[in-house]
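Chemist: Right, I'll just put the structure down here and ask away after.
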Amino acid sequence: ADSFLGRYKTIAIFAAIQTLGTGALAIATKLPQLRPPPCHASASHTCKPANGFQMGILYVALYLIALGTGGLKSSVSGFGTDQFDDKDEKEKAQMTYFFNRFFFFISTGTLTAVTVLVYLQDEVGRSWSYGICSVSMFVAILIFLSGTKRYRYKKSIGSPIVQIFQVIVAAINKRKMELPYSVELLYEDTPEAQRIHHTDQFQFLDKAAIVAEGDFERNVVSAPNPWKLCSVTKVEEVKMMVGLLPVWATTIIFWTTYAQMITFSVEQASTMERSIGGFLIPAGSLTVFFVAAILITLAVYDRLIMPLWKKLKGKPGFTNLQRIAIGLVLSTLGMAVAALAEKKRLAVARTVGATTTTLPISVFMLIPQFFLVGAGEAFIYTGQLDFFITQSPKGMKTMSTGLFLTTLSLGFFVSSFLVSVVKKVTGSNDGQGWLADNINHGRLDCFYGLLAVLGVINFVLYLVCAVWYKPKNPKPALQMETIVNGSSAENKC
């Protein structure tokens, strides 16, 4: 998106791809030819499986949605921040509110999905739910296109990944060279208004800006070979991306915790008393408390905390690193509370018998863990989004957003890895252990406790990374511009 299409076109194209995917799912679940016949399996009758063509249609639809989501999610937040001028103090302050409201509307959509659409899916039909998603996306595209003339656009400046490799290759090739005594002797061809402060971090990369023989063609005034010589600003942009990695790594554990809320916590709920009057709450719908916690937290933060903080400290709310820290603390507390709740549930299971289908204990006992982790997500998602967008170079915002989104996917991978390790270490020949097939026979409380301990260790590491990290000054410094032509240099103030 940063390299070729630009964020505007990327959003429009990939939103359309996602719409096609949901539309294909709606058709596949509606037409009898595209799905296997309805079936209730029994000892004397087996269900007819889907054929290759039907499975093909299903996978095409799912991968269209995945492809559309990838292009849309990585670009839409960056395009939103493009509408604010970070050199204007008023607009810069408004950008802070944007991140909260952006995530608020995402969470509102999630809330609608786990309530209204799940009900329609179960009571009316899947094709109706997917059809509503498809129509909603189509309407959203029309609304997005209606603002075309009002948007601010940032020009695509080439692939940021290529630039990163150019700096690394140039630095490796010049690894044996000594850095000059003055920063002014390093190569710089970027206009003054777009330059970035030189920093002392990752000095090895500075070697990519050392002017050496052969970097310029003889008797030709032209730009140097970017694989041999890079400007100080380009080197600093790569440094900015490298500097994000420690914070990036220490936020993965939150999404590992998050994974438990939509897996094991739902499994817990399925064994507990869930009826209200004559209505039985679906175990999967317990995530409504999770989403509610996000919406409540965002609303309170936006309407109360931010104005109060601005009045007391002169700043519109917590910094992005502070919000990430709050999110990590809340998620760790959520796992500790989950361990205590599971300990109580297991005690009841042992009393009435582990094979009891519905234990005489209210499912609402799980609400605190949903609320704590949900509130944590409200802080950490907006904090991460703010951090990765505002602390990355202008031309790398989409890639930086993609970097942030990988913490979500890696969190689920780490969760799967932990589950595999715990099953192997604590399991026995009879299939029992901390994570038994029937959780009434397991020790899920110990697993939650392990995650809480890992959360504490990770939080300490995060604090070290946050203290080490030096926020980038948005106002570029006025540095000397060194233009090299053969052996001569001309300095411009």
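Including glycine, each Cβ sits where the backbone N, Cα and C put it.
For reference, TrEMBL lists these features for the protein:
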TRANSMEM  52-72  transmembrane segment
TRANSMEM  102-121  transmembrane segment
TRANSMEM  127-145  transmembrane segment
TRANSMEM  241-259  transmembrane segment
TRANSMEM  279-301  transmembrane segment
TRANSMEM  321-341  transmembrane segment
TRANSMEM  361-381  transmembrane segment
TRANSMEM  402-422  transmembrane segment
TRANSMEM  447-469  transmembrane segment
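If you look at the structure here, what lies around each of the features I listed?
Modeler: Nonlocal intrachain contacts for the transmembrane segment (52-72), taken as residues 6+ away from its ends with a CB within less than 8 angstroms of a stretch CB, comprise 1, 10-11, 13-22, 24-25, 28, 34-36.
Among residues of the same chain six or more beyond the transmembrane segment (241-259), those with a C-beta under 8 A of the stretch's C-beta atoms are 160, 164, 201-202, 205, 321, 324, 327-328, 331-332, 334-335, 373, 376-377, 380, 384, 387-388, 391-393, 396, 399-400, 403-404, 406-408, 410-412, 414-415, 418, 451, 454-455, 458, 461-462, 465-466, 468-470.
Remote same-chain partners of the transmembrane segment (279-301), defined as residues 6 or more beyond its termini with a Cβ less than 8 Å from a stretch Cβ, comprise 100-101, 103-104, 107-108, 110-111, 114-115, 118, 122, 261-262, 265-267, 269-270, 317, 363, 366-367, 370-375, 377-379, 382.
Packing against the transmembrane segment (321-341) from elsewhere in the chain are residues 247, 250-251, 253-254, 257-258, 260, 265, 268, 365-366, 368-369, 372-373, 375-384, 386-387, 445-446, 448-449, 451-452, 455-456, 458-459, 462-463, 466, 469: each is 6 or more residues past its ends and has a CB under 8 Å from a CB in it.
Remote same-chain residues near the transmembrane segment (447-469) are listed as 243, 246-247, 249-251, 253, 256-257, 260, 264, 321, 324-325, 328-329, 331-332, 335-336, 338-339, 342, 418, 422, 434-435 (criterion: CB distance under 8 Å, separation of at least six residues from the stretch ends).
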Chemist: By Cβ distance under 8 Å, which residues at least 6 away from the ends of the transmembrane segment (127-145) in the same chain are close to it?
Modeler: 11-12, 15-16, 18-19, 22-23, 25-27, 29-30, 117-118, 120-121
